[in-house]
């Protein structure tokens, strides 16, 4: 160390270079609200136009599930089969190469899909990418027709925005989509002796001729092109040859129209018809910088909009993040100032300056490893820095105070620095390793909860390691540099309250400790019993896994029974909007969305969506009412008033999303039986104190059932497929290749005598070819089919390939009736005799798994810290003495949460684990000094008393700095971080007081025989 101290100028230069690197790293770190939580899922989506759910299930979903059942890297899978569509969602195992799995899945799905019917479109295998909405805009107009003008501008807006590097998607909602509909007249087809395959071939051959290639002529290479129809108006000129060889233009037997593909979702904002544009960011990008680029591109586009369309910014993630970080950095600045002020109370001015230098330097140096740990700048990482702020000064304070003590004893500059380092070096390194061991396992937390919290231990560990290096190298160098120029001795009472600290040290050592160590058993027993009793306060302390964010947005999800039209849903949403505005002065604005058109800005997307669903987003004035109180005020009232709808209100929950506190899953093969069991189970749940009971299927929808006359089919050689094709060509049509017009892509569908809305299939006019030698060549469909009204399940849900229904029950406290539901489930399972099964669970299971993991992690942390302390003291008994401070710290944390009635939450429990590494430091340094004093020949009582005198000041100072660093967050911080701050503050405060009182006493008990001779 002498070698380094003599070259202190090089050390100063080295740390200046590190400071520059740290500042550069800070400017390059991406900024976001919260850490990105990986989705780790893959979606296999397949379209089967016109097919009912059971047909989709048997034809598409089942073969796909069978092929992936034992697929490597897939942890679990679920599927949904609905009208015309199959969706299979795979959850991948942690740590697998997602790209590799997706490639292998693509190959497997291509193999399976080769056996699908021709009508089934090619399945799409796609990794669900994480995207962050950064902007949401509204386009409003006095009437919806004016908004259709945006269709011409959509391509320009999307291309301009999506060309920005880092932007994932610019998505319009509520805008009409157009398609080209070619409707053939069946009578004209028959009269002109035309065949449908010939018509389709003629259209595709004219519009999509094969490339003609290139030709070399002399020294010039020419690209060969075919002059073919490219304009929509020319489509009707396409000629088709009939069976007689005559050419007939398409326009003679078909109508060609550009029309709405389907009714667009209806959106309003502040009561006016609206379109929504939401812009999403790619994973890992910096929100403020990309937002600035987007804003610069959007504004000129908005300036060119027609006068009839107004453009309004609704949501800006960058502005929100700016407000969040301003608040956090203010807390950080207050904490730094408070810590510096506290250190001046017990350290000399030069000592306080040294500590002040070490604070920002440690934080900045701690940023350097973050890019390599895939950690960005977010609320969690900043809170990690604030927590570290209260701990990182401990090393510098301990080192500075001890060198200062050596100088006050008369050592020269070099000797005082060397001895000061030697006396506390081991304790500092051990306590730092204890913190590293404490927080390292938190990095290993699995799932979304682990990804959410990982930034906190990463920042803490890197910052604490940086502070330890600074304390061991830079602080002694500065102390040596400053003191070697002085001729006078160090003051015996450094700091503004130096004399008071000295008096406190004397009072503690000469009065309190002397009395306590005379009655060690009584003192230890009283202290430990008191701490143990504090754990009982958990019963009266509230619990909340993640709190609701202090935001102004409240979402209202509304579902009508299956079969409700979009207009009916929209009318209901507008009625609710009117109620909220008329009776609530706290409402700032309301936006209304039907179907799935609501952007996922604040809460999760709806589990199901369609014409019968919708969402309102209400922004309230937080000065009048909180989001939680607003929900409590309106949710029950709306459910009572609109009892025909399922209404669910929520606000933003900080952290990974959670779900229903109680679920009942029903599995079986018979769909009718599953529906019956579902109805009984939902009725049973409604007998208890539940707010809402819903399921993932909903009410059965009305359907027209076409029953086939099997005998007639066999007699005339007609297949069910040929009849189904006749139906689909009149309803969903045959998809052809898209065409491009004015840079807009349009889907093309071919119909024969297309049905108008509300029109019935004309079975008597529809014919299918027969396959008999003596019978007629064709037969009317009404001779083969009879029609009746019936019901149809809207979707079929699978878990791990098994048909399932999931019921969700929402209640404030499900524990009051969980046992009754368990009994009900057991009775149902007994009566089912294997025909179906019921099981209970919760979509909050991630909370249970978190507490199980955190228990294991806490056990590992304690073991690691135990081994570390055992290694330092070469004793298997000594670690138990030092780890008492952890027990005391957790007891103090529970006391603090109880007094403030702060919920025990995800971050509160994380704070309790964090205390393990924080509070052992005081015990470690105190016991280490006692051990050193004993080795120097002091008696046990002298060693304890003098060690208490020497360590009183740094213990109190380090505790005060840790507490004041987190006080701004504990008092006025975000609701998410307040429990963490209160946990750490109260844990440190209680543990410090009890450590000063109990650890010396317990040490006496550990050395019982020597005390008698002292």
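For all residues, glycine too, the Cβ spot is worked out from N, Cα and C.
According to TrEMBL, the transmembrane segment annotation covers 320-342 (among others).
For the transmembrane segment (349-368), the list of distant contacts is 15, 18-19, 21-23, 25-26, 29, 336, 339-340, 343, 385, 388-389, 392-393, 396-397, 400-401, 404, 459, 462-467, 469-471, 474-475, 478-479, 482, 494-495: same-chain residues at least six beyond its ends, Cβ to Cβ under 8 Å. Look at TrEMBL and you will find 349-368 (among others) tagged as transmembrane segment.
Per TrEMBL, the feature transmembrane segment maps to 380-398 (among others).
Per TrEMBL, transmembrane segment is recorded for 428-453 (among others). Beyond the transmembrane segment (428-453), the same-chain residues lying 6 or more positions past its ends with a Cβ under 8 Å from any Cβ of the stretch are 34-38, 94, 380, 391, 394-395, 398-399, 460-461, 464-465, 468, 471-472, 655-656, 846, 849-850, 853-854, 857, 860-861, 864-865, 868-869, 872, 906-907, 910, 913-914, 916-918, 920-921, 924-925.
Same-chain residues lying 6+ beyond the ends of the transmembrane segment (459-482) with a Cβ under 8 Å from its Cβ atoms: 1, 4-5, 8, 11-12, 15, 350, 354, 357-358, 361-363, 365-370, 373, 375, 381, 384-385, 387-388, 391-393, 395-396, 398-400, 403-404, 413-414, 416-417, 420-421, 425, 428-429, 432, 435-436, 439-440, 914. Here TrEMBL flags 459-482 (among others) as transmembrane segment.
Among the features that TrEMBL reports, transmembrane segment is placed at 522-543 (among others). Same-chain residues lying 6+ beyond the ends of the transmembrane segment (522-543) with a Cβ under 8 Å from its Cβ atoms: 516, 884, 887-888, 890-892, 894-895, 897-898, 901-905, 994, 997-998, 1001-1002, 1005.
According to TrEMBL, the feature transmembrane segment maps to 854-873 (among others).
According to TrEMBL, the transmembrane segment annotation covers 880-900 (among others). Using a Cβ-Cβ cut-off under 8 Å and counting only residues 6 or more beyond its ends in the same chain, the transmembrane segment (880-900) has close neighbours at 528, 531-532, 534-535, 537-538, 540-541, 862, 865-866, 869, 908, 911-912, 915-916, 918-920, 922-924, 927, 979, 982-991, 994-995, 998-999, 1002-1003, 1006.
Sequence annotations record features per position, and here TrEMBL assigns transmembrane segment to 906-930 (among others). Residues of the same chain lying 6 or more positions beyond the ends of the transmembrane segment (906-930) and with a Cβ under 8 Å from any Cβ of it are 387, 391, 394, 398, 423-424, 426-427, 430-431, 434-439, 442, 449, 453, 456, 460, 545-546, 655, 847, 850-851, 854, 857-858, 861-862, 865, 869, 872-873, 878, 881-886, 888-890, 893, 897, 943-944, 947-948, 950-951, 954-955, 958-959, 962, 976-977, 979-984, 987-988, 991-992, 995-996, 999-1000, 1003.
What TrEMBL lists as transmembrane segment is 951-973 (among others). Long-range contacts of the transmembrane segment (951-973) within the same chain: residues 330-331, 334-335, 338-339, 342-343, 345-347, 383, 386-387, 389-391, 393-394, 397-398, 401-402, 501-502, 504-505, 508-509, 918, 921-922, 925-926, 929, 980-982, 984-985, 988-989, 992, 995-996, each at least 6 residues beyond the stretch ends and with a Cβ under 8 Å from a Cβ of the stretch.
According to TrEMBL, the transmembrane segment annotation covers 979-1006 (among others).
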